[in-house]
Amino acid sequence: MELSLARVDYLQVGVTAQKTMRLLPASGRRATQKVVVGDQDGVITCFGIKKGEAVPVFKTLPGQKIARLELGGALNTPQEKIFVATGSEVRGFTKRGKQFLSFETNLTESIKAMHISGADLFLCASYIYNHYCDCKDQHYFLSGDKINDVLCLPVDKVHCITPILACQDRVLRVLQGSDLLYEVEVPGPPTVLALDSGNGGDSGEEIVFGTSDGKLGLVQITGSKPIPKWEIGNEKKRGGILCIDSFDITGDGVKELLIGRDDGILEVYSFESADDPVLRYDHALSESIASIQGGCVGKDGYDEILAATYSGWLTGLTTEPVHREGGSAEELKLSQEMQSKISSLRNELEHLQIKVLQEREKYQQSSQSSTAVSSVPAFSVNDKFTLNKDDASYSLILEVQTAIDIVLVQSDVPLDLLDVDKNSAVVSFSSCDSEPNSNFLLATYRCQANTTRLELKVRSIEGQYGTLQAYVTPRIQPKTCQVHQYQIKPLSLHQRTHSIDHDRPMNTLTLKGQFSFAEIHSWVVFCLPEVPEKTPAGESITFYFQNTFLGTQLESTYRKGEGCFKSDNISTISILKDVLSKEATKRKINLNISYDVNEESVRHTLKLIHPKLEYQQLLAKKVHLIDALRELQVHEGNVDFLLPKYRNILEEADQLLEEYKKQPAHLERLYGMITDLFIDKFKFKGTNVKTKVPLLLEILDGCDQDGLIAFFESAA
């Protein structure tokens, strides 16, 4: 059966955060459900749908922004009490909107994640987890990295309280009381957790997780160890997962998985024959999906998927047919309904246009008076700056609650701007005078009329660090702009990983000096991405990293007064040595630096680089031949006389040009890495070999791996 859903836009509230919309339980089987949503103006809106119109049930006054909204109630009863987290407070409301709870927690930070199970309340700030029972403090846990979501296995099924924390360091932490029971490694930073089928499956132990790089998985959390069930990668390069729900939208008795992503893609996965879910349906909304629920909203008897987007739109995908089958009387009734709806919408639009004109005139008059005070209109920007493992680039996603006019991107470090297929903005580059202003990149993106989301891709060079700035100007009057800054770190292409290959030839850098654990941790945070800003608990810490471009590794272990860094790439060690020395000098701390260089590591790194180098050189040669071959084809009329390899180039010309366009300066980047490796190898020996670089570049053009290794070994 093909899934056919029709889109309906119901209502717009304020900007919404992740997991802030729920459907209240229905009063009867397949009866319509009320929708409750909390926004960043602090307003809770509850409404139902009658004859296609949103009818309010209750609406609260504005306040602090709502970070989470959950439903609760006594176990094994309808979950119809509404709980919201605002700041460090949890408030409870009945389904009619009467407030019955105001619980001020002892958290010093704002609540980021919340879960409710009967009388148990699970709250998380950035690093702190708290468990309360009947508003009394029960358990506490300090996480090693930021907590993105929290969940508890259903108590009625597993007969014990088992909280699970989704943490930024690619780990699910399973707790028992205030203690860590065990950790579950997942393939990306988990952003959202949900119980499988809404109840944890047959055992009650199965949870679904979604990651910020768009992967999805199911894991069984037993009392002693995790059992991975399935995992789905992100082959289509879609956005990160923000929300998950389980609902039987097809009506076959088996619940489907509903997924909402940060690029606006809504997906339905079904479990047909195999254990792994299969993508059954997808729909593209224009902005990120903050919350998703399955239920019956618009009309009795018709199931639908309801999504709440970033700017506050509540959009349904309903199973109700758009064109009803039936006689002429029903068609006439439908057309009358549609006509009256169109008429009321026209009247409302005219009324709004008159109101806008009046307000604009009032503003013009007040702005020209002698007592005029300029007011800058506030607008919300949802931004995300993340490293992509697949192509070693950074994605900068900017989402604004209103249409974007212009985005100006400026950087004080060399960056390559890469093409993004989804981008419809017109980009123009300004020439930069890098010396006086330290400007290496100035680019302007002019967006089309209704663009609210813009995605950019940049690739950095390791060892060159600074700041990328985005100036966001929306289409509002008076003109206003917000500046957002993103740090490009010295080892910007490194990504956290759970383990490394200890058999590789490693170079070691050791630091000793009068520095505290917090000081050396702050230096590591400055150098490397994905390191928690909070100083870890305990006396020492070890982090593992992998270079997303080359696949080289880094192990960093440090404590008070001592740090040890190991990598199979000499250039990584060289960058760390330079930056850490500079940071220590700023704080007037004397460092005792020693290093152990493994000659075999250079050969090993060159072998990692060479296949990439060979591929890019071949691609560049093919692209340079395309114009000449096309000219021959036009001149001769056919290409039968050409060798097969040249005919293949012509056949694949469009794909080759597309790939080459997507990876500007890729070959130059590889040449730069090999040159740096050459200079760094001899720098540790106290030799300056910069005069030999032209000779190295000649050898690189020849693309001979053995000759390159021989040159590295004989250049001393």
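These residue numbers are counts, starting from 1, taken along the chain as shown.
Glycine residues also receive a Cβ, built from the backbone N, Cα and C atoms like all the rest.
Because TrEMBL annotations are produced automatically, they should be read as predictions rather than curated entries.
A quick note: this is a predicted structure, and the numbers were derived from the prediction, not measured.
The annotation domain 'BBS7 beta-propeller' is assigned in TrEMBL to 21-319.
The coiled coil annotation in TrEMBL covers 335-362. Mean predicted confidence for the coiled coil (335-362): the pLDDT average there is 82.
Residue counts for the domain 'BBS7 GAE' (377-486) by DSSP state, with H, G and I taken as helix and E and B as strand, are 4 helix, 60 strand, 46 coil. The domain 'BBS7 GAE' feature in TrEMBL is assigned to 377-486.
Residues annotated as domain 'BBS7 platform' in TrEMBL: 494-596.
Residues annotated as domain 'BBS7 helical hairpin' in TrEMBL: 599-712.
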Paired segments the domain 'BBS7 beta-propeller' (21-319) and the domain 'BBS7 platform' (494-596) in contact, 3+ CB pairs under 8 A: yes
Surrounding residues of the coiled coil (335-362) on its own chain - C-beta under 8 Å, 6+ positions past either end: 51-52, 477
